[in-house]
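Please read the structure below before turning to the comments.
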Amino acid sequence: MDVPKEQIAILLEHGLYSSAQMLGCFLVSSPAANAETTPHLKAESLVLLGDALFRDRDYRRAIHTYKQALQYYKIIPKQSQTTSRSSLPSNRSSSPNSFNISAINENEVKFKVASCHCALSENRAALAEMEGIPGKARNLQMHLLMGKLYRNSRHIRPAIACYKECLRHCPYVLDAITALAELGATFKDIISLFPQTPMRSGKASFDHFDSSRWLQRYVEAQCCIASNDYKGGLELFSDLLQRFPNNIHLLLEIAKIEAIIGKNDEAIMNFEKARSIDPYIVTYMDEYAMLLKTKSDYLKLNKLAHDLLSIDPTKPEVFVTLSVLWERKDERGALSYADKSIRIDERHIPGYIMKGNLLLTAKRAEAAVIAFRGAQELRPDIRSYQGLVHSYLSLSKTKEALYAAREAMKAMPQSAKALKLVGDVHASNSSGREKAKKFYESALRLEPGYLGAALALAELHVIEGRNGDAVSLLERYLKDWADDSLHVKLAQVFAATNMLQDALSHYQAALRINSQNEAAKKGLERLEKQMKGVDPDAPEEDDENEVEDADGDQEETDLL
């Protein structure tokens, strides 16, 4: 042959995709690869050219080239097709990243076409290609891709079947373990799929038992997380981290759980530890960005965004991080970044959470409900429930808010945050305040360090005129937690009872902890006016009343 096929394979293996493409053009147009006399050579040449295009991310051309190869494959006489198929080793990789220059395999080429469609986010076209591959001909890679495609298409049963097939092939496909746990498979269901590998003596080796033990704990941890048992999952992952210290995957999983359950300081520490080991990780870095924002650490947040952009500006985590960074500067820009993260990956949950929070802040509660529902459909966690409840309350849809809060409580019976959510709904109505108090107190019994419940209970005390109870509760918490939000709430209570000097000291304490605390800044500004004998609300009170009256008139008109 004028152009040796082996040379293209060498170029591809060395990452010289541009040269491989150009050489592929010579190979395809070579007289030796004549479509009529040697269709098998033509097909093989086109597959190699397709591989070069795939590796260079030229997916549309790769699809076109692979499909041309399949057309020529159909011309090959049946006898030679059978021979070429039987000559192929069964464990051969079907990835477009592998370069086998023997006769082509139709199923492998279809898989390559499907991989191109996946890269272009064309899930339906990818699934159509994959369904054209007979079940018995599918290898591990094919089963995993089909599982993801079925799941993305919300075809849950076939997705579960594909993921199970992956684990029958190899129990260490951790993606399949996580997916099955999230799709509702139990610990026993997943473990039963692992192939048993007895030794010649009839007994499994010590090493096998040792490795299967940590793998079983990993499965158990993922099942805990999927069933919202965050405490159990955290304990199991922490045990695994003892055995595998500085394991980046475990550190990130632990940090993500800690972020969800509100252990913000611990989560930040673990995210930073993971980054110190590998400064180029992108996974879950948007979760880290959200935590930095809660701490108003904009210096670190700015650096994180800059680092992520330089690592890989195509990842959804980068755009959620940009959204977090831009929120205080330009809410519309922040929203467009959150939208972009979802366009890049429709299954990226932090994108939906961020979008929902931005819409809620912008008083677009109905749109926020849709965003939080999107997050819930992918995987419900406490943040999507919180978003839904607060969105419904801002729409005065108390019934829907209560239903969502109770849903959270059923899903997470041991979660103080879920109990507080039910309390929030009851607190929104003057007739439900006694119930709200009980739920807040239950949340604090379950998790004494949950400041959110303590602040909510203090607010309830203030509303009902029990300022002394509010102060004693908050001061009790200040002994153990130096938190700026506690100081702000105490300052507000003292300011309301005209204890201005105490209020001043607590606002200043809050700003010492977090100089970017907006509530403390505004509170201090109002307090300074009060201390000068000026009513801070005097210029704005009439305007606010006019707006409220106008809203009331509008509501009455609507009702009429």
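Every residue gets a Cβ built from N, Cα and C, even glycine.
Over in TrEMBL, the protein carries these features:
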type     : residues : note
COMPBIAS : 522-535  : compositional bias 'Basic and acidic residues'
COMPBIAS : 537-560  : compositional bias 'Acidic residues'
REGION   : 522-560  : region 'Disordered'
REPEAT   : 43-76    : repeat 'TPR'
REPEAT   : 484-517  : repeat 'TPR'
Practice problem: Mind looking up the mean pLDDT for the repeat 'TPR' (484-517) in the predicted model? | Solution: 82
Practice problem: Kindly report the helix/strand/coil residue split of the repeat 'TPR' (484-517) according to DSSP, in that order. | Solution: 27 helix, 0 strand, 7 coil
Practice problem: Please list, for the repeat 'TPR' (43-76), how many residues fall into helix, strand and coil according to DSSP. | Solution: 30 helix, 0 strand, 4 coil
